[in-house]
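The site 'Part of a proton relay during catalysis' annotation in Swiss-Prot covers T54, Y117. Per Swiss-Prot, the feature pyruvate binding site maps to T55, I211; the stated evidence is sequence analysis. Per Swiss-Prot, active site, proton donor/acceptor is recorded for Y143, and the stated evidence type is sequence analysis. Positions annotated as active site, schiff-base intermediate with substrate by Swiss-Prot: K171.
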Amino acid sequence: MTTVGFDVPARLGTLLTAMVTPFDADGSVDTAAATRLANRLVDAGCDGLVLSGTTGESPTTTDDEKLQLLRVVLEAVGDRARVIAGAGSYDTAHSVRLVKACAGEGAHGLLVVTPYYSKPPQTGLFAHFTAVADATELPVLLYDIPGRSVVPIEPDTIRALASHPNIVGVKEAKADLYSGARIMADTGLAYYSGDDALNLPWLAVGAIGFISVISHLAAGQLRELLSAFGSGDITTARKINVAIGPLCSAMDRLGGVTMSKAGLRLQGIDVGDPRLPQMPATAEQIDELAVDMRAASVLR
């Protein structure tokens, strides 16, 4: 059994928002909006933010833009929340360069996605994640999301990677609770729910928290859910989980980027529109989203 000698909840947080990247009307990164949003999320209960992930539209942002966003958010909230930099790509050499650059800017940790599009074998995944983890002293979270990468990180590969001292956890977005529970027991890796619809089930099998999209709109409720579960008040945790369910339905319809940006605008926080090929919500979609947000008590 491998035991990860790193206090992940204390060092990386338990409620992390996979933060959108705000854009100006001309499509450039809106640093002022990023500062406002980061402060709002931390004030609402998030103890960590993940930048330049799926919801951050990382395939459409340059490395310079990723580093610009990282600097701005670190300056805004880095003294009171953990700031995790998304630093993965389908190119190992590029990922290594980005990891080093993010570490140089002061990131508190790294989220590294499974290489997508090229469908590498498990031996390639092991070599990729090892090369990235070797390139830094920062804690690394693996991001297992085969719905987007096609290839999963198989359980045996995760177990092998757990022996690396810098690989401390997994953002799990493939709904394999059984394997995740066994891996946590076998390795000591920390697991985060990467699927808001499964946040409570993941806690039940041992996950330490969430890397959430709906926390853009409901961070306070998710913090209450975590607190209730941690204190043994499962009834309250279940009630909160059901209450915020409409936001998960909205995300399924619209996608995380479109839902988050439209929902924030409804709450009075303008972070701009997505970059192509993502699309802003239509008027009809915004009306439907507003119904879901009211049902979840996150919009008056």
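Note that Cβ sites are derived from N, Cα and C of the backbone, with glycine treated the same way.
Contacts of T55 (pyruvate binding site) defined by a Cβ separation under 8 A and a same-chain sequence distance of 6+ are given as A18, M19, V20, V213, G256, V257, S260, in order along the sequence.
Closest to the residue listed as 'active site, proton donor/acceptor' by Cα-Cα distance, out of the recorded positions T54, Y117, K171, I211, is K171. In this structure, of the recorded positions Y117, Y143, the smallest number of CB atoms within 10 A of the CB marks Y117. Geometry remark: T54 (site 'Part of a proton relay during catalysis') versus I211 (pyruvate binding site), CA distance 11 Å. Distance noted between the C-alpha atoms of Y117 (site 'Part of a proton relay during catalysis') and I211 (pyruvate binding site) is 23 Å.
In the three-state DSSP scheme, K171 (active site, schiff-base intermediate with substrate) is classed as strand. Rounded to a whole value, the Cα-Cα separation of K171 (active site, schiff-base intermediate with substrate) and I211 (pyruvate binding site) is 7 Å. Following the DSSP three-state reduction, the secondary structure of Y143 (active site, proton donor/acceptor) is strand. DSSP assigns I211 (pyruvate binding site) to a strand segment in the three-state reduction.
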